[in-house]
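Under the heading transmembrane segment, TrEMBL lists A:12-30, A:36-54, A:61-80, A:86-104, A:111-130, A:160-179, A:209-226, A:246-271, A:283-305.
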Amino acid sequence: MNNNRMKIGTIIAVLVVLSVLPFLLDSYLIHILNQIGIWVILTASLNLMVGYTGQLSFAHVGLFAVGAYTSAILTTSAGFSFWTSFPIAAIVAGVLGFIIGLPVLRFKTHFFAIVTLGFGEIIRLTIYNWRDLTGGPNGIYNIPFPTNILGLDFALREHFYYLILISAVLVVLFVKLLIGSRTGKAMIAIRENENFALFVGINTWKVKIFAFTLSAALAGFAGSLYASYNSYISPYSFTVSESVSILLMVIIGGMGTIIGPILGTTFLIFLPELLRSVSEWRMVIYGGLLVLTIMFMRDGILGLIKSFVRKKKHHSEKNLLSTGKEEAAIAGSERN
Amino acid sequence: MGDQIIQSILDGLVSGSIYGLMAIGFTLVFGIMHVINLAHGELYMLGAFTTFIMVGVYQINFFVAILAAMLIVGGLGFLIERYIFRPLRNTAMLNTLLASIGLSIFISNLVLKIAGTGMRSIPTPFSDKSFTIIGATISTHRLMVLLLTALLVAVLFWVIKFTKFGRSLRATSQDQDASALMGVNINLTYGLVFAISAGMAAMAGGLIGSLYVVDPTMGLGPGLKAFIIVILGGMGSVVGAIVGAFVMGYAETFTSLFWAASYQDLVGYILLILVLLLKPNGLFGGAKR
Amino acid sequence: MLEVKGISRFFKGLVALDDVTFTVKQGDILGIIGPNGAGKSTLFNCITCFFPPSKGEVYFEGKKITGLNPFQITELGLTRTFQHTQVFPKLSVYENITTGQYVMKRKDPSRTKRQLEQKAHEIMEFVGVSEYKDTTAENLSLGYQTRLAIGIALATEPKLFLLDEPAAGMNPEETKQLVHLLREIRTKLGVTIILIEHDMKAVMGLCDKIVVLEYGKKIAEGTPQEIQENPRVIEAYLGSEALA
């Protein structure tokens, strides 16, 4: 109970700090935070599939692109405002996710991975080739900012910040509530043991298609924000490299946890900024980090912190606890 | 049009045989070690670069350079198996898949940082002399590529079928534990399989690099295509990989002929999805899903 | 309670199951034995609708279940365990059991959260994993993982329970405890049981009736006594595994 109260306290404190940041930081740092916020939505959506349902999807950057392009086309050519286009972008991406999911979710593990990768590439190549609609390799310019509401001017990064912050907080909260629900439990059961999940009465196929559709819609929503914030998109923003980057963000933070992907996203976007001299080595570092994470740190940063805390606790209670069990638990958390 | 079709048939033959080299290596590693190596395309790229450096910069004989590239990249493959895939053996297959993706991104971007983009091509000793076969032309160069590929595949088949090493390969792919009991050195076998696979990719890279251009990102497409071909042909089947490679080669050449070259890359993925929907175990699949 | 009528299953021209027919009475423990590759697991998969039989039908309490989905038959009161990975490895023991209760919301919506929690604790007690309540399942020993798997299945409150080689990899002491647990499931909970098992001693001691498969065909059916004396069975096992 006490622990819970502390958690809520921490969350409120973090939110308060986050909401006053635009008054404290310079515009460039706000820009980085905005990028982080958008990617947090995308990684939360991917985490739903990879971390909670246990399906390694490479289609998410494609669905992110679909959201971005839907929103961009609606706001530039069709004269929609951001406020009407973002729900449409989410729905279009969700419907496409559903359609892709129908055939794709029959496959498991590496087959699922490669088929989703295939669909992601099909989306990117379609965007690249459908010049009349998407501008092909040139992309779409001059995507308008959201029209002003509540006295906020979204042409200002500091004001856009609040839109992104609220969106990210709502999405993360939504994912958290979903995971705590009956459907969330079913998703985790599928990740843990798909065959056995059937025999505790879970309609695994229905749960998977639901998760995939929902996560596609969230990716589409992130795309819509991305297009409007950056006011320019092109097929080069949605490549396999981006797929690997978001996957790494989820994995390195700690997949299948709420905080993990947020940590991972923040870490990986800040890293090249902190080390300016190496920022152009970004993808080299990401690639290397992915290998190292898989080899040595499969539970991510969060897993590392947890096992560190547990070890500390273990030290202080050394005389009270039977050591064997505790060590087994720690070894287990590093996944054998 | 008729001439163009015959020309495309010859072009498809060349790209199919290059894909074959890639896919056989990929399928060997999968069939024997159950590892999906998405960095396979980067080994192909490294093969092309190694050959380019030796021929272009140090003026070494083309054939010697290809052979040396195969050895160097093969050695690198051996090390990759030893230090990345061996520690991940017996964990979930997705772990090796993810590690190999990381490796792929790492290698291609590293080479990109060091070498930069820019057009490079491997100079070759072949004359521009061409042969005309029923209305289509094929250069000595391309003919050489075909012959070399066929030769390597023949050697590989011979090794698998008739040598002691080939027998231990087949035993290991059947049952890792049992073959270990029978005295097969699993670690060495796996390392060599990976080295052979890497060497074949390097040769494919060297040959393609002499026909077209050498570029740090050249491996991404063929690496993924090798995976698709292997799924098309049935995971772990060498014959399936060869057939799948030609299906892919021809599908691409004819798409580019009848539709547009820019749609060429889409073909593989569409084929993949169709085959998986209609025949989930691949064209020659006896293997598990 | 369960009627298996002429089940056949073909894989690419191979006959994995050939016209297998038998019935199971309410409250019985039925054992299925046979050499490796005899089609025992295939039979299980067909009965539990994990995949459909090529021919034949299965009736559960007079209702045809062939063609249904596994999650639907779980709701009807039929569940199973698998041979190797049997639990939800990254969840705690308690979470494993509550995951097993997933179906209860559809089966008996009147049950309160409180009642379900109570029931989960009873089940942990019953299968003997209470003291590991908060342990991550993958850190349990094999014997306890099997107990937990049985607990998860019991949480669905089945009438018929199929177990695929529960004693695989267990030492004699663990096997003895398992046999005891299965007997209690029958007597105290009134659950009918079908099990595949290689441990002949366990099978002979536990089962009321045994079905013997060889090359996908049923070659014998009867009480343990009858099976042990059946010449056809002795022949099938000769040289491979001796009957205890």
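Cβ atoms are placed via backbone N, Cα and C, with glycine included.
All annotation found in TrEMBL is predicted automatically rather than curated by experts.
In this chain, the transmembrane segment (A:209-226) lies apart from the transmembrane segment (A:12-30): fewer than three C-beta pairs between them fall below 8 angstroms, excluding pairs fewer than 6 positions apart. The stretch from A:12-30, A:36-54, A:246-271, A:283-305 with the most CB pairs below 8 A to the transmembrane segment (A:160-179) is A:36-54. Listed as Cβ neighbours of the transmembrane segment (A:283-305) (distance under 8 Å, sequence separation of 6 or more from its ends, same chain) are residues 241, 244-245, 247-248, 251-255, 257, 259-260, 263-264, 267-268, 271-272, 333-335. Counting Cβ pairs closer than 8 Å to the transmembrane segment (A:246-271), the top stretch among A:12-30, A:36-54, A:111-130 is A:36-54.
Under 8 Å from some Cβ of the transmembrane segment (A:36-54) lie the Cβ atoms of residues 60, 64, 161, 164-165, 167-168, 171-172, 175, 178-179, 184, 187-188, 190-192, 194, 207-208, 211-212, 214-216, 218-219, 221-223, 225-226, 229, 246-247, 249-251, 253, 255-257, 260-262, 264-266, 269-270, all in the same chain and six or more residues away from its ends.
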